[in-house]
Amino acid sequence: MQQTTRGAGPGGRVSGPIEKTKDPKGTLLRIWLYMKKQKMSLVASVILVILSSILSLLGPYFIGVIIDHYILPKDVTGTIRMIWLLVGIYVGTSILTWLQGYIMVDISLNTIKVLREDLFAKLQTLSLRFFDQHKHGELMSRFTNDLEQLNQALSQSVIQFVSSLLTIIGVTIAMFSLNWVLAIVSFLIIPVMLYVTKKIVSISRKNFSQRQKDVGGLNGFVEETISGGEVIALFGKEEDAFGQFHEVNERLRQSSIKADMFSGTLGPFNNFLSNMGLAIVIGVGALLALNGHTTIGIIASFVTYSRQFTRPINQLSTLLNSIQAALAGAERVFETMDEVPDLVDKRDALQVSSLKGEVQFQQVDFQYEQNKPTLKNIHFSAKTGEMIALIGPTGSGKTTIINLLMRFYDVRSGELLLDGRNIKDYKLRDLRKRIGIVLQDPYLFSGTIMENIRYGRLDATDEEVIEAAKTASAHGFIKHLPNQYQTTITSGGQNISQGQKQLLSIARAILANPDLLILDEATSNIDTKTEIDIQRGIRNLIKGKTSFVIAHRLKTIELANQIIVIQDGEIIESGNHHELLNQRGFYYDLYSKQMTI
Ligand SMILES: Nc1ncnc2c1ncn2[C@@H]1O[C@H](COP(=O)(O)OP(=O)(O)OP(=O)(O)O)[C@@H](O)[C@H]1O
């Protein structure tokens, strides 16, 4: 019995602690609802598993028959005929197993595809509040780890589990019907093997979980070093960083040695035990045969059955673990799918194709987190075509006002009116389509400049895109790029400057032609020429439209119809430039400071 009985299952791997599923039945049922669309394939797969299990049981039986009835009586023709039969059985088993595996992979991939799409669709409906409360990495792992684990379980583990169970039952029946004494002797070794496996797996699991932690530590360290590379270089801390890395790396080496070496003892140990078991079976079998209670052929069948028996027994627990882990992953996927979006359209939500752009904040209070008010009693209004500037120290609540206007969050109390109606009365999609945003660090997709600007209005012609770029004062720099409008921007826009990115996003907004505009003024240093271009582009963009500008340099907002000064979530001053200067308060101080720099 020389097969490798790697007790920890396929590949002999032992993983970290097993996750528990809160509602296994409910989760299974939901997975079934996804799978049942492929009922015919499932039925075919189950039939194939049963057939291949039966066929694999016939092999050892015929080995015994061949020895007793053909080889020992020296029947050469019969032996050759039976060997062909044996070959047929093994070929048949392989084909059926392959076919069944193929069908299961197909079922699994189809199921995972639909699940992935449903999950993705769900995420589109969830608000920023949801994303604030969940780590992005965790959400990503729903798509990767969790669904992949489920895919593995559906395509392999479940069917292996069923076939292992069928094999164990079948082999037990076959052994007892051939010779019950030898059957009992064969089973004697099983409890010992199970005990050893359980012990080694439980210790290994702790070791693997430590290794997992150390891998996480190493990844975190490397990530931090890469992101903070400039700071490390700036302070000449390369050697310190390397020293720390050496420690983290060494820790991982040691925990890996412990984990791998210990779990590596499982295979040889179980091999040894099963070989011992086999020796006992052969010894007892020989005694029985000498007394005429069994035959050489039956002993040979037992040897082969034992080989088939120990592997599934050892595999069952690992397969169960991987199914359990997949269920836990699936449960997390379903939990995300069950999230109730906190911003939903009313039943009779208004469809709007244009807005006048009148905005009223009426005694608005808002908080991101319980008992931590972010905005308090915000009260102001903007008429069509007005420019409203929001200024205030960092963290005072300017972006939050914009977030409410975009309806990324709902106000906690008070009312936010748009064209005289509560913002909640409008269809969310329509509302956001009518609002344009130019951020200080706008996001650009990987693609050409043309495609990036066209993102503002997908049906725009090339001429319209170029016209928008001209109005945005972006045409000048685009013209000087090697491939002009066909220049490819890398993901996130790393290959163009921040000022240029902003010009592109102005062009994008001009093309979209929204009714209400939000501008987040750039804080970083931009060269004077680009800055003049941006200012010109913005002036063209906001002409005749209500606009909200988060301003950092007061020079750019002197012409604003209203300047709102926010501090600690409250409006402390408001009015136009001259009114605020006359008040000699926060704005006056800030303006005087900026003018003297
Ligand atoms: N998603 C969030 N979850 C919890 N708190 C938040 C969130 N976003 C902002 N805050 C907090 O709300 C307060 C106001 O933040 P906000 O971003 O509106 O300030 P800001 O005036 O725009 O600042 P800056 O000028 O630095 O952009 C800050 O204390 C901030 O920490």
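Cβ coordinates come from backbone N, Cα and C, glycine included.
Here the structure is a predicted model, which means the values were calculated and not measured.
Database features, via TrEMBL:
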type     : residues : note
REGION   : 1-21     : region 'Disordered'
TRANSMEM : 40-63    : transmembrane segment
DOMAIN   : 43-325   : domain 'ABC transmembrane type-1'
TRANSMEM : 83-105   : transmembrane segment
TRANSMEM : 157-174  : transmembrane segment
TRANSMEM : 180-197  : transmembrane segment
TRANSMEM : 278-305  : transmembrane segment
DOMAIN   : 359-593  : domain 'ABC transporter'
For the domain 'ABC transporter' (359-593), mean pLDDT (0 to 100): 84
Seg_contact(the transmembrane segment (40-63), the transmembrane segment (180-197)) with at least 3 CB pairs under 8 angstroms, min sep 6: no
Same-chain residues at least 6 beyond the ends of the transmembrane segment (157-174) whose Cβ lies under 8 Å from its Cβ atoms: 10, 45-46, 49-50, 52-54, 56-57, 60-61, 100-101, 104, 183, 301, 305, 308-309, 311-313, 315-316, 319-320, 322-323, 326
Contacting positions for the transmembrane segment (278-305) when only residues 6+ beyond its ends and CB under 8 Å are counted: 1, 59-61, 63-69, 72, 171, 174-175, 178-179, 181-182, 185-186, 188-189
